[in-house]
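TrEMBL has this to say about the protein:
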- 38-323: domain 'AB hydrolase-1' (DOMAIN)
- S133: active site, nucleophile (ACT_SITE)
- R199, D318: substrate binding site (BINDING)
- D288: active site (ACT_SITE)
- H317: active site (ACT_SITE)
Amino acid sequence: MNVLQHDGPLLLESGQQLSQINIAYHTYGTLKQDKSNVVWICHALTANSDAADWWPGMIGKGLPLDTDRYFIVCANILGSCYGSTGPLSINPDTNQPYFQAFPFLTIRDMVQAHILLRKHLGLEHIHLLIGGSIGGYQALEWSLTEPGRFGRMFLLATSPAESAWGIAVHTAQRMAIEADGTWGQPNADAGAKGLATARAIGMLTYRNYAIMVEKQSDADVAKVDDFKASSYMRYQGEKLVKRFNAYSYYLLSKAMDTHNLARGRANTIEAALQQVTVPTLIIGVTSDILCPVQEQQIMAANIPNATYVEIDSAYGHDGFLVETPTIAGHMLQWLEK
C-alpha cells in the first residue's frame with residue numbers, strides 16, 4: 001500500500017475543509033511510457049484499496065484485468081479507515097482524532113480526493129474507470145466532473161442517485177448506531193454494537209430472500225431457538241466490527257445519501273445522465289434489491305453509447321463481487337468492440 005500525503009487544504013462541497021489529507025492506494029502492473037493503459041477501480045462501502053484482495057480472480061497476471069497489460073489503481077475513499085483520512089485520523093488542527101468532528105462528506109468530495117491522487121501520479125488519461133455499488137457512484141460523478149478524461153466506464157450494481165429505499169436503509173442503520181450507548185464517546189470502539197446491528201441490516205439488502213432461505217435454513221423442524229440465520233447475522237455484524245468503525249460507517253452512509261448526479265447539473269436524473277460522454281458498460285443483477293435493475297435500466301436508456309447487460313445471481317447485490325467469471329466475460333467482450 002502507498003500513501004499520498006497532501007498538505008494543502010481540500011475544500012469540501014459543504015464549504016468546510018480538511019487542512020491536510022492522506023490517500024491510501026494500491027497499484028498493480030506497470031504504467032506504459034505513454035500512460036495509455038490505466039485502469040482505475042473505485043471500491044464499495046467497507047472495502048479498501050487492495051482490489052486484488054476483495055475482487056479475487058479479476059486482477060493479476062493472465063486474469064481479466066491483466067497486470068501484464070494494465071496499470072491498475074485503487075484508492076481508499078476519503079472518510080474510510082484503511083489508510084485514507086477519516087474520523088479516526090488525527091486532526092492536525094487539534095492533534096486529536098476527529099471522531100464526530102470529522103466534516104460532512106459527499107460522493108463528490110471522494111472524487112476530489114481521487115483527482116488529487118490522479119494528478120500526483122501524473123495520469124492525464126484513464127483508459128477504463130470501474131465502479132460497483134458506491135464505487136459506481138464515484139465513477140459516475142467523476143465522469144461528469146472531468147469529462148473527456150476517460151476512455152471507457154464500467155458500472156456494476158449501481159445507480160445515478162440514491163433512492164428513497166437506499167436512504168431509508170441507511171437511516172435505519174444509523175439509528176442502530178445512535179441507539180448504542182457508547183456512540184459518540186471519544187474512542188475508536190464507540191458504537192461498536194450499533195455497527196454490528198447496522199451491518200446486519202445491510203446484509204438483508206446485500207443478499208435476498210432466496211439465498212437466505214437456501215443457505216441459512218435449519219434442517220431440524222423441532223428447533224425453537226438458536227437458528228442458523230440468527231447466528232449468521234450476528235457473525236456478519238461481529239466480523240465487520242473487527243475491521244471497521246462506527247464513525248466511518250455513519251459518515252459514509254450519509255455520503256451515499258447525498259448521491260444525485262442531477263444536483264447542480266440538471267433538473268432531472270435523465271438529463272444529467274445524458275451529459276455522460278464516455279462509452280459505458282452497465283451490468284445489473286436481476287436479484288439485487290438494493291440497486292435494482294430498474295435503476296441500471298434508467299442509466300442505460302439515457303447515457304449515450306451505453307451497453308446494458310443483466311446477469312442472474314443468487315447473491316443479490318453482492319452478485320457484482322461473486323459472479324466474477326460472468327462479469328469478466330461481458331467486460332472483455334465489450335472492451336474488444
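Positions of Cβ are set from backbone N, Cα and C atoms, glycine also.
Positions of TrEMBL features highlighted on the structure.
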residue : record                   : Cβ contacts under 8 Å, 6 or more apart
S133    : active site, nucleophile : A44, L45, L156, A157, T158, L290, C291, H317, F320
R199    : substrate binding site   : Q236, G237, K239, L240, V241
D288    : active site              : A157, N208, G316, H317, G319, F320
D318    : substrate binding site   : Y206, R207
Where D318 (substrate binding site) sits in the secondary structure, as DSSP reduces it to three classes: helix
H317 (active site) CB neighbourhood, other CB atoms within 10 A: 27
